[in-house]
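Novice: Mind having a look at this structure? Questions to follow.
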Amino acid sequence: MTARYAVFGHPVVHSLSPRIHAAFGTQLGIAMQYAAIDAAPGDFANALGAFAASGGLGANVTLPHKERALALCTEASDRARRAGAANTLSRLNGQWHGDNTDGAGLVHDLTERRRLDLRGRRVLMLGAGGAARGVSPALLDAGIGELWVVNRTAERADALADALGEPGRVHTRYWADLGNLGAFDMIVNATSAGRSGGIELPFSLAGNRSLAVDLSYGEAAVSFMAWASAAGCEHRFDGIGMLVEQAAESFALWHGKRPDTDPVFASLSARADSLQTAD
Ligand code: ATR
């Protein structure tokens, strides 16, 4: 029987993960099925159980199930526990083991593909939800100098800072104070605001050497990327690179080999370019 893998989300119909994993499998000659399974929040545990019963060996988990996925795991990696969420599940001895490859995916994209040095950077994290929690530990581990967490709801920023447990490097500020924080070397948009009209940000956050990264891609990243361009940020990336790299990390966990991500990244980027230039 062909090994079975899947991504669970809600909605999940637009997920690029099936296409990415199929490309990795072809590249490395690994036969497998990779499906997209839509499960409403109340049905996720049952759907995952049914998948395991039918021989499912591994699952990616996306919005809105990442926290619940961690809770359903018998064991979890340190980075999944620190993120409070799992995006990669592996079936071992009849139980789910949880991991989180989002942060490693982001850092790999920035340091390996883009050849950027993150060490010592003054970093602004916009947002304190699941996406921010997923990547913050990896950024700290990559050696950034300071992490300033600013969220519309201040309590969530404080909760993230507490969970990160590095009071010397991690600070929080109110959203209303964004104009008074000076310029950052790196600005990460981890809000979901781009899915509902975008956010307004002061240009004073950006210096001319700044790196701006949106964890979203496609339409959801358009407004932040436009702001970063208008603000004069030197480097501007949406989340396609992170998406491909987190998939490669998951693939390596399941199959023991890390694929070459360049061809898949190139094909997804070309597609995004053609969509953006299409009339
Ligand atoms: P995700 O897993 O994508 O991070 P989430 O956990 O729902 O999803 O978090 C969404 C994040 O986007 C939160 O930080 C949210 O701020 P609140 O905690 O105040 O809700 C942020 N967000 C969503 N819409 C926003 C907007 N219009 N302006 C600023 N922040 C916004």
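Note that Cβ sites are derived from N, Cα and C of the backbone, with glycine treated the same way.
Unlike curated entries, TrEMBL annotations are predicted automatically.
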Novice: Of G55, G105, G179, G239, which does TrEMBL put in the NADP(+) site with D78, G127, A128, G129, G130, A131, N151, R152, T153, A154, E155, R156, L215?
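Specialist: For the NADP(+) site that includes D78, G127, A128, G129, G130, A131, N151, R152, T153, A154, E155, R156, L215, TrEMBL also lists G239.
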Novice: Any of the binding-site residues S15, N87, D102, G130 with a C-beta atom under 6 A from ligand 1? Give them in order, or none.
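Specialist: Among S15, N87, D102, G130, near ligand 1: G130.
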Novice: Take every residue in the domain 'Shikimate dehydrogenase substrate binding N-terminal' (7-89), average their pLDDT values, and give the whole-number result.
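Specialist: Here the predicted model's pLDDT, averaged over the domain 'Shikimate dehydrogenase substrate binding N-terminal' (7-89), is 96.
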Novice: Identify all same-chain residues not among S15, L16, S17, T62, N87, D102, Y217, Q246 whose C-beta atom falls within 8 angstroms of the centroid of the shikimate site's C-beta atoms; report them in sequence order.
Specialist: V7, N60, L243, A247
